[in-house]
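Quick look at what TrEMBL lists:
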type	residues	note
DOMAIN	47-165	domain 'Purple acid phosphatase Fn3-like'
DOMAIN	171-276	domain 'Purple acid phosphatase N-terminal'
DOMAIN	288-503	domain 'Calcineurin-like phosphoesterase'
DOMAIN	528-587	domain 'Purple acid phosphatase C-terminal'
SIGNAL	1-23	signal peptide
Amino acid sequence: MRELRLIFFGILLVLGTFQVASSHGGHPLSRIAIRKATYALNDNAYVKASPAVVGLKGQNSEWVTVEYSSPNPSVDDWIAVFSPSNFSASTCSAENPSVNPPLLCSAPIKYQYANYSSPQYKGTGKGSLKLMLINQRSDFSVALFSGGLLKPKLVAVSNKIAFTNPNAPVYPRLAQGKTWNEMTVTWTSGYGINEAEAFVQWGRKGGDRTHSPAGTLTFDRGSMCGAPARTVGWRDPGYIHTSFLKELWPNAMYTYKVGHRLFNSTYIWSSEYQFKASPYPGQNSLQRVVIFGDMGKDEADGSNEYNDFQYASLNTTRQLIQDLKNIDIVFHIGDICYANGYISQWDQFTAQIEPIASTVPYMIASGNHERDWPGTGSFYGNKDSGGECGVLAETMFYVPAENRAKFWYSTDYGMFRFCVADTEHDWREGTEQYKFIEHCLASVDRQKQPWLIFLAHRVLGYSSGIFYAVDGSFAEPMGRESLQKLWQKYKVDIAIYGHVHNYERTCPIYQNICTNKEKNYYKGTLNGTIHVVAGGGGAGLAEFTPLQTTWSLYRDYDYGFVKLTAFDHSNLLFEYKKSSDGKVYDSFRISRDYRDILACTVGSCPSTTLAS
């Protein structure tokens, strides 16, 4: 028992150095003042977790029952999940030579109050929780703390819990490649290149299978730009593998599974999945696209609910899963999981979206909570990424960018062309990104791909969000100055943004003036671009300004997502659906012919030509 106490005392020395990181809305783990933790182990207290071995049938997630007891119970007592299970000082390494022992280790993965499902806990000192654990390449332990979140005292630590194969390949996520007939598969495992060969086994549904090799990436603490990602939030990310499935047949169904061949000739396999290949650019078929921003993640077991910031993300996820047969591709336009430097949260996010991302392409854009960090070349000098500075987003997900550190790209899906901007890098006229945006918009053949969509995280167009209204810009300052002439010149149909956590739709607009008085059915040329805020994916909602602008047609202070349905080259349906029930609350249609796209509008054609 004396040796056990010494180990736990070492843990407390580490916990006493934990730092709190500020973040948009307050990250749940950052609310714990674990740096103030003190040593309070009690022989009469215990935490027991069962089963101790999980994933016996190959599952990547499993419910664990945690039973605990304290001789001095309080309503402030709480339960924390740690991984790896040994979070003592012996596992730490210095960030730099000036750091004095004890060194920083890892924050808990998640936490819950001891009386969450045991209201009698304060009186009896006994309670239990059902916790969902996912395979994250290491074992777990559960700790009981007293003293609340602000003055925590370590009371007891559980036995270890481990998955049968913690290194197993998990959470595949699809993305479109750099050509229309290429699909990429990215997944996470515990196998490096010195342990196994990574690959995808795939083929036409019901047909022969082939093997495509996968590249393997990882990163270390030194790749992070600051705390908490470099310090208390650091957790080994494992290995991220990406394979390129090429020369796909348009709209054909494929099955696949990811695998690893160990050097002892043993094979480790994932479950089997399927996807539909993308249509040929310009192909006339039913094509359905879902777009939203700022979703985040949440725990199915209720952990971290006291943060009250991203709880609606589960509703959004469930609605997409329920309607997955009617979705062809998803765009999550920034603020992906709000890990904010707590790296364990990326595993939990990829686990949450696995049913979606393993079945349809899951395309992302860069947001402030993925990229921004002072002195790292981001356009904004804030600390919203928690020290990640883009590394996690760029590695965990594939996008067809020329350079993923410059997170802008274009992608074609049948009758759609999507130009995806990176608002965390300079987009103004004369910049590298501005030239990309113009090329993306100018190079599309509108006879084949009539539906031209601009996507970005921060609002570069129009928003009635209160913080933009206070700025007086009703959008990101400098947002429209350079880009509106491109949207008008190349006749962008719809521009969709996140960042503001609500829903709003404008009229077709150019230079603050509505170019069309219609509200729900647009026939012929739009004469302007419709701007949409779809930032209600799941993170805490943002207030609207009470000012009523002439260009704002529909506002909703609620969670939801956008769905675009292209029926053919002439008919597009736009729908806004709430995450709570999946029902449509706002919609409009566009019906037009190719000649309507060719027609001149203000700013889209020269005022005079030689022919005239």
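Each Cβ is built from the backbone N, Cα and C atoms, and glycine gets one as well.
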Please average pLDDT over the domain 'Calcineurin-like phosphoesterase' (288-503) for the predicted structure.
95
Tally of helix, strand and coil residues over the domain 'Purple acid phosphatase Fn3-like' (47-165) according to DSSP?
7 helix, 48 strand, 64 coil
Write out how many residues of the domain 'Purple acid phosphatase C-terminal' (528-587) are helix, how many strand and how many coil, based on DSSP.
0 helix, 31 strand, 29 coil
I'd like the per-state residue tally for the domain 'Purple acid phosphatase N-terminal' (171-276) from DSSP, helix first, then strand, then coil.
3 helix, 54 strand, 49 coil
